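**Student:** Have a look at this one before I ask anything.
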């Protein structure tokens, strides 16, 4: 009976001292927004830290189609750019086209006399960057030879033909005199001349076409000279031909002179291509071209450029995000997330930001919860919320500005003899990608660290601002809450929120209540301890009473206890 009485008294005492139960005190807690399921991001100090909100920075998918706006995209269909430039009869439609981006398809093929270009990648890139196949014919004089040679491998309609931008010269009346032709550049722009040399498949074909047993072609300017001798010999048959043509090119600067000297095997130019400098380029892709708008194009299709990074493709054209290896990089756009605890002690008291965040806040990132004689309420603090949002807004734009540039990363090709150069180029490109990937991860981690630090700082600023207002009228409870030692209704709480609280008005009441409560007050952290202590004492007393009863019964003979050894 005594035990039960002690337990009841202790429990009643603890409940009677519950700080939230009186009308002369109030509890004010400061807290921040939280969500049930946050997003994990990386910072400088943590690989994984949960925040309330984050934005993905890596574009990892494409639209699957190439947009034809705002760039002029030219679909090469079955034609390669070099075939269009040379004037393959099957692709005459491309001869006066302009483009920002020329799309070469994997199905493209040559359909004229078989040829090779020793410096194919450079010529392809040069013509692609010009953005046009604008061609100007010139009056070259070729005396003593037959012009306009053709082949059954290159038909225009039903007749044998040849590349329209080249002139195949052969013997005339069993004679092929030495040719010496000059062509000055009197204009104020660079001129691109395309020429070539024919490699017959047999010696008999050589003498039949050019009389001499071996020809020679020399093309010179003031800055350069190329001398090419044909390689006579049989090669694999292509479109009924075992001979080949090698295509070369020469750029003639303003004021310079083009000189051509040959005694056989010359594939002569018919004029020049006007060179232009620009941002035009070429790309291999099988993605369909559609009517849409996108400033970034990859071989996989167009992609949005509203993110600073992408890992869709290394090859891009336009205003594109930087390519990185990571498939995801998340930028924190919210604060540190600490999900709200569903149960906070046996009395269900409200808790501040030091314990956890608050879910369900709709009127701000930071706010107040309070318990007073009018109940338990919550309100947001717009000023501190706006201060944090203002600093976070623009982070994404700043990251994009640091990374997005108007540039195009073209694909690179090398012939087999340039294998070591290709390996070196690949190593350089891979190193650049590794560096950018590392820089991207570091940049995002730094920004995330800054975001979390500044949101924590705004919370601390609000807490210190409240502490300075309350002064000795309240006590810091250590969990982000204040115990206010005077009656504080909703109007009083509102004055604390908006910064108009006058602590002098409540000072006397607070001091009086503080002294009265101090004598009997138990902090909420000790209530559970007292309950456990009272429970333990009760159990101990019950055990003592039970043991005493057993000993008394044994003494009276009502209970016998035999001990056998």
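The backbone N, Cα and C atoms fix where each Cβ goes, glycine too.
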**Student:** Can you dig out which of the ranges 509-529, 530-550 Swiss-Prot describes as transmembrane segment?
**Tutor:** 530-550
**Student:** Using Cα coordinates, what distance in whole Å links residue 300 (N-linked glycosylation site) and residue 37 (N-linked glycosylation site)?
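**Tutor:** The Cα atom of residue 300 (N-linked glycosylation site) is 34 Å away from the Cα atom of residue 37 (N-linked glycosylation site).
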**Student:** Does DSSP give residue 53 (N-linked glycosylation site) helix, strand or coil?
**Tutor:** coil
**Student:** On a C-alpha basis, identify the one among 37, 78, 112, 180 that is nearest to residue 296 (disulfide bond); the candidates are the recorded positions.
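**Tutor:** Answer for the nearest of the recorded positions: 78.
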**Student:** If you count the other Cβ atoms within 10 Å of each Cβ, which of the glycosylation sites 37, 78, 498 comes out on top?
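**Tutor:** It comes out as 78.
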**Student:** Pick from 112, 320, 492, 554: which of these recorded positions has the biggest number of other Cβ atoms within 10 Å of its Cβ?
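**Tutor:** Result of the Cβ crowding comparison: 320.
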